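Written out below as structure tokens is the structure these notes cover.
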């Protein structure tokens, strides 16, 4: 198991390096004029040259790449000061260090993701299990029907409705805002509850359906019947034999969902005017703030790799047949 | 069944007659296309220490019958009529709780495909220990020790180590041995083996059959052995029940049924069996036609649309009147006893070689 984790971690580091290289060459080495973007419209030749000098764009490409990559590992020095590792450069637009901007914004994204995931996992898997256990009953029909309806909703539809009801017309709640959990756990929960629940609602539907169908499939397996033939109780067989196998597709989708949410929930953040990683990605693209865009991209790639490793570990934990390969 | 160490002192193979007694059993499934009459008016008995072989084509109701004995059908979609009495206890009307106490304990089942019938998620030892712990109240440690003991008994070398393996680390034959160990872990009085050797190659098949016979000697269980392989049945069974389209068509001892079969369907089965000593150019002669749909079974004798002897029965009886099967040596066919004897001797036997 340990060897498995080490092997995957090494693989992830190599992948990250390759993604870093690809990111670098796409954004920096591609024929887009870095400096004139930063300089703006009324730019003199001398000013442009000055910016190039400051940003190190006059250096050979290989040198720039080395500076960038080594900056991530060792940190680097800019004329405006030192940028400690992991240094993802300096935003052209604000002049802030990209890494510290991401660090500022990440807690909100993490909070949203974890909060929503807890809700949709508990409600979604729970409902799915109930529906599978009582297949064909009215509980099953309601759960299946409701999840069909909910899964066709979008955040930009449900979000404004929720805001209109709970904030603007009744005044029961304030506009969603982020309060660090370390400062005020209740404020944190209250501030983010609307976006968390709205996000969770849409995901819940998907997890209900998947958990139900996956369980029904597992319940028809021969080994589940064998367990029943051994005299194990229905509940025992359901949870120990059928449920375990049903987790494989759920873990797969959960990994994909979590990694994309941790890379920034753009629509949710825009809908609720929150400042998370998704908002940064949009800002980076709109302002042509290339270091910021690159930073956000690398963080997103890192999240995908991290979740992939976690998913593989989960597979191995669930299914012993995976451990050998 | 409550003592943990009860392994060697097997019950005496002579017990009360009709240890398992199935009477007029019918099993119907509600499907989208209509009601499937999977088993229709089936009766048979098995005594302790004896082996009943149930033979028939796929879909003849063999497996359905045995899943019914264990109560493993979905009650929502299944209608069961008739009686199943095991050692004086009625099973059709038993509660789910009562059935749970029985399964794996008094009645155990060996399934056809040991690859899919064992859970990939738990070690072989744990899967064997589970029913023992549940039914005897043994501790986990005792359960594990019992699992190791059973693995040794079914001929798995180095059982202490192999018990820690997962089923995918076992070969096909070893998996079936593990499956047998699992079925026998609580000393069942009745063992149902549903085509236990079909998924195995022939040499392994012979080993598994020998193992089952040895274990029956030791434990004195009654065995219901389901197969479509007449060679296997000749080797294993004391009595034979031939099933067709959800009903029994012929019953008798192995010798009676295999040496002097009386039902045209049994003749067909024997005829379609390849023989090693026959002429290589000889054609196999399968039974003409296909098994009937159980959604809408034929009237009269279920076999009559495929039967080549129906013109020898007077009138249109085969299509209108359902032949009955008597309790002892008998066959459900309208041909007279004399006809059955002469047809077999004159027309069937020469072809069997």
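Yeah, the Cβs are placed from backbone N, Cα and C, and that goes for glycine too.
Note that this is a predicted model, so its numbers are computed, not measured.
TrEMBL assigns the feature transmembrane segment to one of the listed ranges (A:145-166, A:211-232), namely A:145-166. Contact check: the transmembrane segment (A:145-166) against the transmembrane segment (A:292-318) gives fewer than three Cβ pairs closer than 8 Å, residues 6 or more apart, which falls short of the contact criterion. Highest Cβ contact count with the transmembrane segment (A:108-133) among the listed stretches A:186-205, A:247-272, A:292-318 falls to A:186-205 (criterion: pairs under 8 Å).
Cβ atoms under 8 Å from those of the transmembrane segment (A:247-272) belong to residues 108-110, 112-113, 116-117, 121, 125, 154-156, 159-160, 163, 175-176, 194-195, 198-199, 203, 206-207, 210-211, 214, 278-282, 296, 299-301, 303-304, 306-308, 310-311, 314-315, 318-319 of the same chain, restricted to positions at least 6 beyond its ends.
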